[in-house]
Amino acid sequence: MPSRKFADGEVVMGRWPGSVLYYEVQVTSYDDVAHLYTVKYKDGTELALKESDIRSQSSFKHRKSQSSSSSPSRRSSSRSRSRSRSPGRPAKGRRRSASQSREHKDDKKKTIQETSLALPVLVWFKPSENNTKRYNGEPESTEKNATSCIILEQKLKPDLEIKRVLEQYSLRSRKDDKKKEEIYSEKKTFVAVKPIEKVPTKTKELEFGGRIGTFMLIFLLPATVFYLLLLCKQDDPSLLNFPPLPALESLWDGRVFGVILLWFLLQAAFYLLPIGKVVEGLPLSSGRKLQYRINGFYAFILTAAVIGVLLYFQFELHYLYDHLMQFAVSAAAFSVALSIYLYARSLKAPEEELAPGGNSGYFIYDFFTGHELNPRIGSFDLKYFCELRPGLIGWVVINLAMLLAEMKIHNLSVPSLSMILVNSFQLLYVVDALWNEEAVLTTMDITHDGFGFMLAFGDLVWVPFVYSLQAFYLVGHPTTITWPVAAAITVLNCIGYYIFRSANSQKNNFRRNPADPKLANLKFIPTATGKGLLVTGWWGFVRHPNYLGDIIMALAWSLPCGFNHILPYFYVIYFICLLVHREARDEHHCKQKYGLAWERYCQRVPYRIFPYIY
């Protein structure tokens, strides 16, 4: 076992991955398994570096002094040659001898090596207010911001640093002008950055209460779902009125489990249909991009056709209402079996395919959060499929079953106004998610979280059976509302939906293509990762405007149920708690990822979710 060379807290010179530039960094920790040092740059960026990419400051200064003492003579010889001939292409009819050409190339390489070694001391990027640019496709004209832009590009695009050095020392590249224009397009200020390849390290910061918390959640989440469903069928659905426990044998029905399995396979078949476009996801830590077929909306249309056929042949869909508890138990059993399979297969997954948040080495924690980031069977992406298909579309089917059950139980020719509002609002939410399916590829569920019990249970059980709680409640506890009240609730839902959709669209479009002319009016703060933090539009209003829209819509979904009981508002309370947790996690993640740029963003946008409140 090799011993570590650098101690925690030691200030050293770390090479920026993919470049020859060295920067002053501080060692924060060392991974004995991967033999990697976690270092922190001055702008707050943390990276894992190999020992070969780190040098002591003394050795760096020694190399710098050597290059300084030897460089003047070489630079003078380079200047003397430049007087006799242009550094560009020789004039027509003039030829160099082979020896002269080789000598010129050798001197040129030496000059580049010397200047690139001394350059890092001068290229520290320190964000300031002047770095906040209006995204109009061109850098600001001031000299200070132009210098900052060059410095940022040198740090973020190490593969182009040789071109920068050549231009700085009046040495022209012999490559085609066309290729140079492609690299330095005048219409692009925000350039794409090749992802830094990093070997995943062990998860050190555990969420959800660590091993004990995740162990308890594995039992608490299913218990909560069953408790809410039992409570909804009570005449008095007060939270303190604990419902009697049903017999265990009444909770399981093999036919119901067969329906759950058939539903999952049906949605999988729709997912595999060769319809819809194929897009690439965001780059993984290895730089690879996975491909995804966008056909969720088509799957919804096909599902609606199947349901329509069943209703035409007099299939009683309200069977779901009569056996909802059994369906929930079967779905929970299926999610547990899927989670076990996911963890078992993750043990054989390559290290670079593990989730950054689910690689702690603790069985319970990794089982809960998900050990593998993108588990796939061929081209079938299990996490992406479960994110939007079986549970989200199943939510709409359950709502429809509740509507039909209400009409049958209460002998109604048409559904109640409250039931129509709940079904309509939530149908809009689901259709929007499927229509904008591509946007889910930029969420943390896809890019950061592994696929384990948390997402499997959440997608397949929590979403369809808890999110349909208002419709289930209205079947046994009908609520009458007037048309003016219904109109006011509809306006509230539209406001929440507008905030939710426009904020998510801004974020997704900016992540996909910052140079889009439609985004020319947006301002952003550049970061060391190559991404920008929006400080105008919805994201300049609060830090998480999409969460604000979510909460407003959740309130609109519950208001048609009246105020007799708090049970229909459980979803609102849960949603606020969930989003506050996500917001805290996002804050921590962004602070680590963006460093000082995130601190500047928080100063510009002080409110997190609720303006002037929180």
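Keep in mind that glycine also has a Cβ here, set from the backbone N, Cα and C atoms.
What TrEMBL says about a protein is an automatic prediction, not a curated fact.
What TrEMBL says about this one:
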DOMAIN    4-62  domain 'Tudor'
REGION    53-112  region 'Disordered'
COMPBIAS  66-75  compositional bias 'Low complexity'
COMPBIAS  76-97  compositional bias 'Basic residues'
COMPBIAS  101-112  compositional bias 'Basic and acidic residues'
TRANSMEM  212-231  transmembrane segment
TRANSMEM  251-273  transmembrane segment
TRANSMEM  294-313  transmembrane segment
TRANSMEM  325-344  transmembrane segment
TRANSMEM  455-475  transmembrane segment
TRANSMEM  481-500  transmembrane segment
TRANSMEM  521-542  transmembrane segment
TRANSMEM  562-581  transmembrane segment
Quick one: DSSP breakdown of the domain 'Tudor' (4-62) into helix, strand and coil?
9 helix, 27 strand, 23 coil
Same-chain residues at least 6 beyond the ends of the transmembrane segment (562-581) whose Cβ lies under 8 Å from its Cβ atoms:
228, 231-232, 237-239, 418, 466-467, 469-470, 473, 477, 479, 481, 544, 547, 550-551, 554-555, 609
Does the transmembrane segment (251-273) come near the transmembrane segment (455-475), with 3+ Cβ pairs under 8 Å (pairs 6 or more apart)?
no
Long-range Cβ contacts under 8 Å made by the transmembrane segment (455-475), restricted to residues 6 or more beyond its ends, are 221-222, 224-225, 228-229, 232, 237, 321, 324, 327-328, 331-332, 334-336, 338-339, 342, 370, 383, 386-387, 390-392, 394-395, 398-399, 402-403, 405-406, 409, 416, 418-419, 422-423, 426, 445, 449, 557-558, 560-561, 565, 567-568, 570-571, 574
Contact set, same chain, for the transmembrane segment (294-313): CB under 8 Å, 6 or more residues outside the stretch:
266-267, 270-271, 273, 275-279, 388-389, 393, 396-397, 400, 430-431, 433-435, 437-438
